[in-house]
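Beneath this line is the structure, given in structure tokens, with notes to follow.
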Amino acid sequence: MNYLFKNGRYMNAEGTIVATDLLVQDGKIAKVAENITADNAEVIDVNGKLIAPGLVDVHVHLREPGGEHKETIETGTLAAAKGGFTTICAMPNTRPVPDCKEHMEDLQKRIKEKAHVNVLPYGAITVRQAGSEMTDFETLKELGAFAFTDDGVGVQDASMMLAAMKRASKLNMAVVAHCEENTLINKGCVHEGKFSEKHGLNGIPSVCESVHIARDILLAEAANCHYHVCHVSTKGSVRVIRDAKRAGIKVTAEVTPHHLVLCEDDIPSADPNFKMNPPLRGKEDHAALIEGLLDGTIDMIATDHAPHTAEEKAQGIERAPFGITGFETAFPLLYTNLVKKGIITLEQLIQFLTEKPADTFGLEAGRLTEGRTADITIIDLEQEEEIDPTTFLSKGKNTPFAGWKCQGWPVMTIVGGKIAWQKESALV
């Protein structure tokens, strides 16, 4: 099916929002211009809505295989499509871990059969993410590994991390890291700060993250490796990354919507839906994240979509697993709380969610350019809705944002020229 989207707005190559039509033919973007006509295309009048590149998320947890009670590839990618995401990168904390030929082939088969959006899987750095034996990077790359990471457990052994970075560098691949120094975690469930002190909870200190990033940056410099930092959350981490970039070290970084919108002062009680890793930090950390995003220290926004069951989250803040869902709330949360408040522009938000992650990892995504694959999101910037977890397509309903009123909701997502998700009656 060919589609002609009429009367839309999009961000052009100069970074300006302008009026446009957009023609999709044979799964590709055929033309982007005003007043397009086409004979054999279904015309969809978007009536002034934003035509954006499909959103790109480099940090997601789909749980399959092994955690299908939390999420599946089918439910997770449907939720991604509803949130406007057309390309997502799946972390390897599955069971089994994609750490060998057999496991990666099985994962890719599942993705091919079930995914509603483009899914790029990470390969594990070490076997079973155990930190002691390196995986076969060459084989994992041949089988489509997006990059290499041990995700939420991190690589604690510096010699192992250096060896991994050297091998990744030879393959022109990135090493991606969740940064925590295990000896400093302190069995924490929240940030070590006012909230932990008030509620008598063990806290995770900020230096737990920043000291690990500092170590890895020096290792990346020695290995000449592209090193990407997951979900930056502290003022110290921003400073270390900024200094590294000024020194010419190949480091990039992401921040989550929840760390841009919330800090520890916003946690109303010991609610497990506010438990994520890294935890919500202090006001100074929150301000540093905004500053880092604006000055280029932080390159992109990624959701860290981490679904859990209601039963798991009901165990209380100390026992419940870390993580919140992110796909279906990311854009409206950021548009309402950053763009509408004048902290960043709409153009910047689009870049942080599209071309910045795509360019960082060399993906053919993130731009509405003629000839490219038609991965597109239509967003109604005027639509206001209340976040209601019962409407989520994700199995995970674990969000701290229930009841928040937000503007700027995706209404249609196109993947490879086909409609992957559409809000009922939004475009008629």
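The backbone N, Cα and C atoms fix where each Cβ goes, and this holds for glycine too.
What Swiss-Prot says about this protein:
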- His59, His61, Asp151, Asp304: Zn(2+) 1 binding site (BINDING)
- His61, Leu62, Arg63, Asn93, Asn277, His308, Phe322, Gly323: substrate binding site (BINDING)
- Asp151, His178, His231: Zn(2+) 2 binding site (BINDING)
- Asp304: active site (ACT_SITE)
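Shown here: features listed in Swiss-Prot, placed on the structure.
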residue: His59; record: Zn(2+) 1 binding site; contacts (Cβ under 8 Å, 6+ apart): Cys89, Met91, Cys230, His231, Glu254, Thr256, Ala302, Thr303, Asp304, His305
residue: His61; record: Zn(2+) 1 binding site; contacts (Cβ under 8 Å, 6+ apart): Glu71, Ala90, Met91, Asn93, Asp304, His305, Ala306, Pro307, Gly323
residue: Leu62; record: substrate binding site; contacts (Cβ under 8 Å, 6+ apart): Glu71, Thr72, Ile73, Gly76, Thr77, Ile88, Ala90, Thr94, Val119
residue: Arg63; record: substrate binding site; contacts (Cβ under 8 Å, 6+ apart): Lys70, Glu71, Thr72, Gly76, Thr94, Pro307
residue: Asp151; record: Zn(2+) 1 binding site; contacts (Cβ under 8 Å, 6+ apart): Met91, Pro92, Asn93, Tyr122, Ala124, Gln129, His178
residue: Asn277; record: substrate binding site; contacts (Cβ under 8 Å, 6+ apart): Gly152, His178, Glu180, Ile204, Phe322, Gly323
Within 10 Å, the Cβ with the most other Cβ atoms among the binding-site residues His178, His308, Gly323 is that of His308
Residues lining the Zn(2+) 1 site besides His59, His61, Asp151, Asp304 (CB within 8 A of their CB center) are Val60, Met91, Asn93, Gly152, His178, Cys230, His231, Ala302, His305, Ala306
Three-class DSSP assignment, His231 (Zn(2+) 2 binding site), comes back as coil
Row His231 (Zn(2+) 2 binding site), column other C-beta within 10 angstroms, all chains, value 21
Span of His61, Leu62, Arg63, Asn93, Asn277, His308, Phe322, Gly323 as binders of substrate, largest Cα separation rounded to whole Å, comes out at 17
Excluding Asp151, His178, His231 themselves, the Zn(2+) 2 site's Cβ centre has within 8 Å the residues His59, Met91, Thr149, Gly152, Gly154, Val176, Ala177, Cys179, Cys230, Asn277, Asp304
Cβ atoms other than its own within 10 Å of the Cβ of Phe322 (substrate binding site), all chains, total 15
By a three-class reduction of DSSP, His61 (Zn(2+) 1 binding site) is assigned coil
Out of Asn93, Asp304, the listed binding-site residues, fewest other Cβ atoms within 10 Å surround the Cβ of Asn93
